[in-house]
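Per Swiss-Prot, the features are as follows:
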DOMAIN    1-141  domain 'Globin'
MOD_RES   7  N6-succinyllysine
MOD_RES   11  N6-succinyllysine
MOD_RES   16  N6-acetyllysine
MOD_RES   16  N6-succinyllysine
MOD_RES   24  phosphotyrosine
MOD_RES   40  N6-succinyllysine
MOD_RES   49  phosphoserine
BINDING   58  O2 binding site
BINDING   87  heme b binding site
MOD_RES   108  phosphothreonine
MOD_RES   124  phosphoserine
MOD_RES   134  phosphothreonine
MOD_RES   137  phosphothreonine
MOD_RES   138  phosphoserine
């Protein structure tokens with residue numbers, strides 16, 4: 001459960017990210033494919049090379065979904081219901097991949113905003129990404 005302090009940290013961090021969210025989403029997705037090659041199996045139709053326009057575009061979709069989640073932290077299940085259905089029923093993404101991408105998102109944000117990435121902010125973002133992952137995998141059961 002996200003505390004009021006967690007929500008404040010997440011919103012403040014997302015505000016600082018601003019227009020870079022799509023760029024960071026693409027970078028985190030590319031990092032995920034590099035660090036965890038098994039995640040590539042869900043994207044056989046993508047050019048997965050460094051700097052790929054397809055990876056960047058999908059990373060922007062990830063970032064846009066997270067921006068929606070930040071705006072609706074008090075109702076993540078409602079805000080992410082359609083994405084949960086898509087990933088559970090149509091795409092059948094292995095739930096572990098959300099944890100892997102979350103880790104790569106944390107690394108990417110820490111690289112770009114080291115001064116802002118305090119232990120408290122790290123913990124809040126980790127809890128937030130975990131909450132988003134839980135919602136996205138909730139319809140698997």
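The backbone N, Cα and C atoms fix where each Cβ goes, glycine too.
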Close in space but at least six residues away in sequence, with Cβ under 8 Å from that of residue 124 (phosphoserine), the same-chain residues are 2, 5, 6, 7, 9, 10, 13
Whole-number Å distance separating the Cα atoms of the residue listed as 'phosphotyrosine' and residue 40 (N6-succinyllysine) is 18
Cβ neighbour count within 10 Å, max among the recorded positions 16, 58, goes to 58
Among 11, 16, 49, 87, 138, i.e. the recorded positions, the one with its Cα nearest that of residue 40 (N6-succinyllysine) is 49
DSSP says residue 138 (phosphoserine), in three-state terms, is helix
Most isolated by CB count within 10 A, of the modified residues 49, 108, 134, 137, 138, is 49
